[in-house]
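A.B. asks: One structure, pasted below without further comment.
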């Protein structure tokens, strides 16, 4: 998961299909956005909750390999699940895809690709601090009302049911599912770190 902008694009061959025909892909050259004190890659268990400040600007990779991403590949059109990026160098994106190693990444229409400016302040803050508090939680999708969770470690995602099939609704924009002290999971709203009272609360 990275923050980056695309600076160029070209069509390249990436092998052949079972009939011997060349497989075409779009290769985007990207530049990861560097932010002073941005923190770094995904932390492991037992590490501090808040990212350490860095003395110099560092590329923003919220989760991924140690090597920075230099190229992103995708199918040549949306008809075959390709994802088109603006190459003017002005649009910044939050991009989630599959690492191919050696600084390469692959994305499809099914992957999360959003313009950075479209993210809410809560989403931006949660990328560094909040979402990782819910890595052991399960988000269950509610397709129609009523719907229920089956265990205490679930958060019920209702945007799709409550906001006319909207996958980017109120919960997605303003909430994070985090694990509390008793092992249960709950939605938390806001940019500020959860208070200890919230983490220590127990469900009846």
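Placement of Cβ uses the backbone N, Cα and C atoms for every residue, glycine included.
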A.B. asks: Which stretch, out of 15-36, 37-58, is listed as region 'Disordered' by TrEMBL?
C.D. replies: 37-58
A.B. asks: What subset of the disulfide-bonded residues 137, 142, 147, 185 lies within 10 angstroms of residue 177 (disulfide bond) at the C-alpha level?
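C.D. replies: Those close enough are 137, 185.
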A.B. asks: Roughly how many Å lie between the Cα atoms of residue 137 (disulfide bond) and residue 155 (disulfide bond), rounded to a whole value?
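C.D. replies: Residue 137 (disulfide bond) and residue 155 (disulfide bond) have their Cα atoms 7 Å apart.
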A.B. asks: Over the domain 'NTR' (1-135), what is the model's mean pLDDT?
C.D. replies: 82
A.B. asks: What same-chain residues, at least 6 away in sequence, bring their CB to under 8 Å of the CB of residue 147 (disulfide bond)?
C.D. replies: 140, 156, 158, 161
